[in-house]
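According to TrEMBL, the features are:
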- Ser165: active site, charge relay system (ACT_SITE)
- Asp199: active site, charge relay system (ACT_SITE)
- His233: active site, charge relay system (ACT_SITE)
Amino acid sequence: YLDCLPFGSSKKQSTIMALKQISSNKCFGGLQKGFERVSVELNCKMKFAVYLPPKAETGKCPALYWLSGLICTEQSFISKSGYHQAASEHGLFVIAPDTSPHGCNAKGEDESWDFGTGAGFYADATEDPWKTNYRMYSYITEELPQLINANFPVDPQRTSIFGHSMGDQSKWKAYNATHLVKSYPGSQPGILTDQGKDDQFLLDEQLLPDNFIAACTERKIPVVFRLQEGNEHSYYFIATFITDHIRHHAKYLNA
């Protein structure tokens with residue numbers, strides 16, 4: 001689900017701690033960097049990737065956060081999607097966090113590919129043994145944006161978020177886009193969604209885009225939904241259409 005929303009605007013402040021840079025590579029005139037830091041919310045070391053566009057050398061730039069799906073890490077998007085050229089051309093920071101805490105040793109966190117270290121679902125856990133470390137919602141919406149804003153020349157007023165396969169319509173209703181759009185109080189964003197027609201999750205009815213479209217229609221929120229023939233759920237699909245989505249966000253961020 002791709003739209004433009006204020007991000008990291010909570011009054012809650014986290015302690016700014018030193019970043020450890022673990023990689024840096026020149027790419028389309030900018031720099032693809034990797035970092036590690038002990039997270040206050042998650043109580044463990046977390047890695048995340050930041051692309052610094054060439055325009056960041058002379059002034060503040062908009063920030064675009066990417067949320068990956070099940071079994072991914074911060075490396076998945078930056079190494080497989082081919083987004084760098086479009087981000088460079090439009091002058092966008094792109095931040096790609098890891099999807100879950102790792103190394104916390106919570107009982108059962110590695111027993112299933114679609115739960116625990118394989119999938120944090122960007123939610124705050126409320127029960128033991130998860131609630132100490134699995135606070136991905138607070139990490140993504142509060143701690144990480146504060147960290148980015150404090151350490152990079154980003155414009156906090158021009159921030160957006162997009163992603164792939166990063167939610168669940170039943171287990172985490174409170175965080176689901178279909179649920180949230182029904183009560184969205186802000187200005188009407190333009191939403192662009194691509195869905196592979198041969199996506200096995202769609203064929204198995206685990207993905208329910210019709211529900212999202214209906215919710216947007218009810219709220220009179222513009223949405224462009226494109227069902228892409230022959231495409232499935234992989235990063236080949238993402239790479240095919242990522243430039244369209246970078247351009248879509250750049251339009252709203254005035255990049």
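Placement of Cβ uses the backbone N, Cα and C atoms for every residue, glycine included.
Predicted automatically and left uncurated, TrEMBL annotations should be read as such.
On a predicted model such as this, the values are computed, not experimentally measured, just so you know.
Under 8 Å, Cβ to Cβ, and six or more positions away along its own chain, Ser165 (active site, charge relay system) finds Ser68, Gly69, Leu70, Phe201, His233.
Sequence-distant neighbours of Asp199 (active site, charge relay system) (same chain, six or more apart, CB under 8 Å from its CB) are Leu207, Asn231, Glu232, His233, Phe237, listed in sequence order.
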